Amino acid sequence: MMLFVWTTGLLLLATARGNEVCYSHLGCFSDEKPWAGTLQRPVKSLPASPESINTRFLLYTNENPNNYQLITATDPATIKASNFNLHRKTRFVIHGFIDNGEKDWLTDICKRMFQVEKVNCICVDWQGGSLAIYSQAVQNIRVVGAEVAYLVQVLSDQLGYKPGNVHMIGHSLGAHTAAEAGRRLKGLVGRITGLDPAEPCFQDTPEEVRLDPSDAMFVDVIHTDIAPIIPSFGFGMSQKVGHMDFFPNGGKEMPGCEKNIISTIVDVNGFLEGITSLAACNHMRSYQYYSSSILNPDGFLGYPCASYEEFQKDGCFPCPAEGCPKMGHYADQFQGKANGVEKTYFLNTGDSDNFPRWRYKVSVTLSGEKELSGDIKIALFGRNGNSKQYEIFKGSLKPDARYTHDIDVDLNVGEIQKVKFLWHNNGINLLQPKLGASQITVQSGEYGTKYNFCSSNTVQEDVLQSLSPC
């Protein structure tokens, strides 16, 4: 259904309803270029009225984490009567197309924030404008962005709250909504996080139409669905539009999104949610990664690299001297370390059960009497826990040869205390040959710390060999 509405909204051609419409506290909106009548936006239309969109600001704080307080910019008394705290950072969470501000994913982000910080968390509900056909929803976000900007302006003018303390987090169309708000506030907003910004009607458009680095003092972006809308039905932008752009898993296919329709529907509550999750799984991963990053800051390190292909070939490791940024909630800790805009970072994640990953480079030197065909695996044992086995190499196993591979481990094992080695023979060998690891070096990605382990033993296939620090 979501797929149908998106594509229908792009292809329908409508007649112009006028050149401009104005609203008292929001200003005027035109249907002239670049807002409409372009190659990317063939539909000539104006945004719906503020009354029909009915943008609502749902305030959650550490004092009311479960029940929102409705605040309005046109009635500042509602803000003063609420738990809004002028001494805290304010984070807006803005949904996208055919979504609403009371969905669990928005409130879950707020609740996770409350576990790590004192914050004003405002979920922006604009379902009155998001449930339109896509081309109309694209226009409606201009009004929603204006409403967000107006609220921030009221906070500043009447309560002395600084826009630099505002962070806007927007998914899909919500990312461009945040951009509209930031543009109206002259880029004085502290931060905008774009969660897979919507591609249709925004890719390759002028900066004033879409998210770009000038919309806030710091703009970070997570790309999870960058395949083109035609023919791949990718909903997210491939274009780099932030100071820092993260491409987890290369930005196209997210682990766990390959499920068949039955298993996807079983995993969620309700048939409609199941269909939506299937059609937009990659697109939705962006806000799931962000939410997970709040409680797992070190599990989403982004490595600077020219391409995902180079990253996958064990390049771009470890982090450079200035370190690696953390994708998601803590990306702004790297602000100022990465000069310029459109800096590109790559990382891998897990599937729907466990997203964070910790990257290590493992080098194994073999010992034995003869060359064999098979595979070698290792497991890490650290102060914080033990990893499962990870394959390092498969093919011709030669004594004294060194095999190196980067692995993405599903937990932070901490300081590594020992390593276990396992090999398997792909052929039939009645002589029961032995093979071992004479040395294994493990390097962590974040700090480049190296751990060296040695052994003089060899073992038969499928028998664990334990290596201790050299």
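Using the three backbone atoms N, Cα and C, a Cβ is placed for every residue, glycine included.
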Swiss-Prot annotation, disulfide partner among Cys316, Cys319 for Cys324:
Cys319
From 94-106, 159-171, 172-184, 406-418, which range did Swiss-Prot mark with region 'Required for galactolipase activity'?
94-106
212-234, 258-280, 419-441 - the range that Swiss-Prot marks as region 'Required for galactolipase activity':
258-280
Counting only residues 6+ apart in the same chain, whose Cβ is under 8 Å from the Cβ of Cys470 (disulfide bond)?
Gln439, Asn452, Phe453, Cys454
Measure from the Cα of Cys257 (disulfide bond) to the Cα of every one of the recorded positions Cys121, Ser172, Cys316, Cys319, Cys324, then give the nearest.
Ser172
Please classify the secondary structure at Asp196 (active site, charge relay system) using three-state DSSP.
coil
Within the domain 'PLAT' (358-470) only, compute the mean pLDDT.
95
Got a sec? Which of these recorded positions, Ser172, Asn354, has the most Cβ atoms within 10 Å?
Ser172
Tell me which of the recorded positions Cys121, Ser172, Cys305, Cys324 ends up closest to Cys28 (disulfide bond) in space, Cα to Cα.
Ser172
Tell me the Cα distance separating His283 (active site, charge relay system) from Asn354 (N-linked glycosylation site), rounded to the nearest angstrom.
17
